[in-house]
Amino acid sequence: MGTSYFGHQIFNCYAPETGNIKLLIMAGTDQQKEKYLKPLLEGECKAFFAMTERNVASSDPTNFETTITKQGDGYIIKGSKWMVTGIQDPRCKFGIIMGKTTVNSKSPFTEQTLFLVDTQHPNIKILKPLSVLGYDEAPNGLGEMIFDNVYISKEQMLGKEGAAFAMSQGRLLGGRLHHCVRLLGLTRRSIDTLLERGQRRYHEGKKQKEDTSYQEKIGKIECEYQICKTMILNAAMILDSLGGRHMQSLKAVSEVKVAIPNKCQWINDECIQLFGAQGITTDYILQIAFQASKSVRLMDGPCELHKKQVARFTQGSHMFNELVNVNGYIANL
């Protein structure tokens, strides 16, 4: 499925729908599930997820400035969100927004709450569509939204007040893995496209696939691809076995989030270089796969943030490594 750029939509397992479905199953009330989850599962509509903000470093969720203030029996949303996936799609009927409902300097990660909002609200405006490396990705592209004193009822709260960060982490954990799986599928298609070209292109009187330097590069590309595939399968197995709150699950998914987009970007870059000038045109999948590789490096937390997370978990595990106390295991420092 991942080899198709739009295959996930056919099977209704595209971002952000997968994460939104998970949140609604996990925390939605019966009324919310009937109104929002059921049509989403049946593919009758799309939904956005609004978390990132333009004016703050959004890799730190305590920076978010959008406020959701209690007023009477409901709440008022005021602020802006951008990099909102799927908001341009005419099928997008509702979304989930994260906003600050309280101020707690001692526990800043409990300040945010999730709410369900209907797209067709007079005070919700799409400020502008956003292109990514020159692509608008219509109708699934990103957008910037303004919430200008949007009134919602208290029944629109998803989960408990102050639980947005914890709930979003559960949502994003699987999402990071999904992004990498989809990207690996596109990368496989890039490799296959290059291999097929090598079968029929001639250079200096012989097929491209017979060239020694070409063979060396193909060998390296395939090795890197198989490393990516193994890492993803390992992370998925750990996540299924231990659950999303276990340290090893968090570590494995962060490792994948760091390694896969970087390796896939390198693979797709090499494929384009070997393919030739036509590889950067829209005639083939290669340029889309390259663009996706770069984008995934920033999605759901930049790779640099996950490197720090991997380092913390690795150092923490080392503290319990009994082998370091075995005589001769580590030389005198």
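The backbone N, Cα and C atoms fix where each Cβ goes, and this holds for glycine too.
For 49-150, the entry in TrEMBL reads domain 'Acyl-CoA oxidase/dehydrogenase middle'. Taken from TrEMBL, the feature domain 'Acyl-CoA dehydrogenase/oxidase C-terminal' covers 165-312.
Under DSSP, the residues of the domain 'Acyl-CoA dehydrogenase/oxidase C-terminal' (165-312) split into helix, strand and coil as follows: 124 helix, 4 strand, 20 coil. In terms of DSSP secondary structure, the domain 'Acyl-CoA oxidase/dehydrogenase middle' (49-150) contains 6 helix, 53 strand, 43 coil. Across the residues of the domain 'Acyl-CoA oxidase/dehydrogenase middle' (49-150), the predicted structure has a mean pLDDT of 92.
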